[in-house]
Amino acid sequence: MFYFTLDILGTIAFAISGVLVAMEKRLDVFGVFIVAFVTAVGGGSLRDMLIGNTPVIWMQQSVYAITIIATVIFAIIFQSKLKYFRRSLFLFDTLGIGLYTMVGIEKGLSAGLTPIMCVALGTMTASFGGVIRDTLCNEIPVIFRKEIYATACILGGFSYFLLRELPIADAYAYMAGLVIVIGIRLLAVRFKIALPSIYPKN
Amino acid sequence: MFYFTLDILGTIAFAISGVLVAMEKRLDVFGVFIVAFVTAVGGGSLRDMLIGNTPVIWMQQSVYAITIIATVIFAIIFQSKLKYFRRSLFLFDTLGIGLYTMVGIEKGLSAGLTPIMCVALGTMTASFGGVIRDTLCNEIPVIFRKEIYATACILGGFSYFLLRELPIADAYAYMAGLVIVIGIRLLAVRFKIALPSIYPKN
Amino acid sequence: MFYFTLDILGTIAFAISGVLVAMEKRLDVFGVFIVAFVTAVGGGSLRDMLIGNTPVIWMQQSVYAITIIATVIFAIIFQSKLKYFRRSLFLFDTLGIGLYTMVGIEKGLSAGLTPIMCVALGTMTASFGGVIRDTLCNEIPVIFRKEIYATACILGGFSYFLLRELPIADAYAYMAGLVIVIGIRLLAVRFKIALPSIYPKN
């Protein structure tokens, strides 16, 4: 139930981030809806297609589609008020990427993948919805350009595998992984920490 | 046979729409060919990958590839004459999206999906070829910006599920769904009906 | 072993081509890494998803991920020196597309596809990593605009199927297909051969 709530909050946050990017591009109502949809389910769909876990999850459980449809309708009606929710949305989004990372890792383990592949799968689940969103809206994906985002997923994911080596229940390691992803992202945004530049200074 | 003819006409229309967008971008002959190909098979491929229906359909039936290759050659040779076919192409395209929608819905039913997922799958089958075409050509997908297109698929799809509740043969409901998709699209273009704007007036 | 070496050289070349395009766009280190990754594994992933060969190959064999990670770190550290490797990189890349084409064809044969579909699959394996790279970086794919690239894959692929009809061991036909892809690409670049224009002269 706890994880399910996180999942739905994450779906809502991802869908709204899709609505916001789509509206900035002045897409029509159908375009806004599709962009919101792929933002919310794109990462998980890619994950499920890569490991052969089909039909992909959102096709098997209507709750995702219904959540997204309701979110888009709400976001369009209250578009002028969305800015007041910015802080909540950022929090939902961060909860969402934490959970999506761990869900992706779990699916990788079920598919018999090695830890490194599981972390890759988790990171993809959390971040590729946004990559597809930006690509469809004709932008270079924002997570390729700034912010600690995928880095949080990767560090949290590897922490989970390290903690699993300790004599503690798997559920605690899972929860710790989740908290680490969320914590790194929150701290990075709060203290404006960015990845070090790889380009020589001019 | 009737549906097969529609399918081939749709494939031709989708391939030519790919050729036209690619030529506007001055791609080379290979680029034109690939863009035509993904426009024609992209929606169906995504559908088949999402539900795990692999190898995807165009890999199993050579008729699609052969139709596309012949269409591209024809379209390149007669490029200066394509404008005279505009009306026929629009008609083929409209027949195509009607059929693709219904085929997608059928595949969703075979995969045991709920009606709402079937309609999503049908709409995707009909519209994602064009989305991939525009994305590859570095444009925001045209169906996100104007025209009643996916809306026709969605309304036709839900009509099919409503009609199936009536005591009529499934084939009639199928045909009715097809006619509704095609009819809405034709009427919308004929009378220049667009989706209502979701943006506040300035 | 021989083919395995080619495969790794190809992966390195593809990853570096991703690094170069990503750095031109000034992406951050994570963006550079992801673009390198999809360039190297994108074509093979699409192939495996289209034929239902999942989990996709790079998830099953860690050597690809490790090679890519090491390559990206190397390429970032020695970014100012990369230009001295241009000739070697071009050679690796050409070996890579030759091998990827033949691997894609083999997978198509295992999946029971017809020769024309196998060649399509091989060409996709060799070229779609670059297509996804350019799309993510908001460019029209370079292989759609210039150079004999996919054309080499297509001709080499069909040569393989023609040679298989002769009374020679399959391994020779395979090797000949590989050499033909590589040879056409080398000759085309050496003698600056481009596809004939399909556009009327002004």
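Just so you know, glycine gets a Cβ as well, placed from its N, Cα and C.
What TrEMBL says about this one:
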DOMAIN    A:5-79  domain 'Glycine transporter'
DOMAIN    A:91-164  domain 'Glycine transporter'
TRANSMEM  A:6-22  transmembrane segment
TRANSMEM  A:29-46  transmembrane segment
TRANSMEM  A:58-77  transmembrane segment
TRANSMEM  A:89-105  transmembrane segment
TRANSMEM  A:111-132  transmembrane segment
TRANSMEM  A:144-163  transmembrane segment
TRANSMEM  A:169-188  transmembrane segment
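Sequence-distant residue pairs (6 or more apart) of the transmembrane segment (A:169-188) and the transmembrane segment (A:89-105) include at least 3 whose Cβ atoms are under 8 Å, placing the two stretches in contact. Through the fold, the transmembrane segment (A:144-163) approaches residues 97-98, 101-102, 105, 115, 118-119, 122-123, 126-127, 131, 172-174, 176-182, 184-185, 188-189, 193-195 of its own chain, all at least 6 residues removed from its boundaries and within a Cβ separation under 8 Å. Taken together, the residues of the domain 'Glycine transporter' (A:91-164) have an average pLDDT of 90. Mapped onto DSSP classes, the domain 'Glycine transporter' (A:91-164) shows 60 helix, 0 strand, 14 coil.
Under 8 Å from some Cβ of the transmembrane segment (A:58-77) lie the Cβ atoms of residues 8, 11-12, 15-16, 19-20, 29, 32-33, 36-37, 40-41, 44-45, all in the same chain and six or more residues away from its ends. Taken residue by residue, the domain 'Glycine transporter' (A:5-79) breaks down under DSSP into 64 helix, 0 strand, 11 coil. Long-range Cβ contacts of the transmembrane segment (A:89-105) within its own chain (Cβ-Cβ under 8 Å, at least 6 residues beyond either end) map to 3, 6-7, 9-14, 16-17, 43-44, 47, 82, 118-119, 121-127, 149, 152-153, 156-157, 160, 174, 177-179, 181-182, 185-186, 189.
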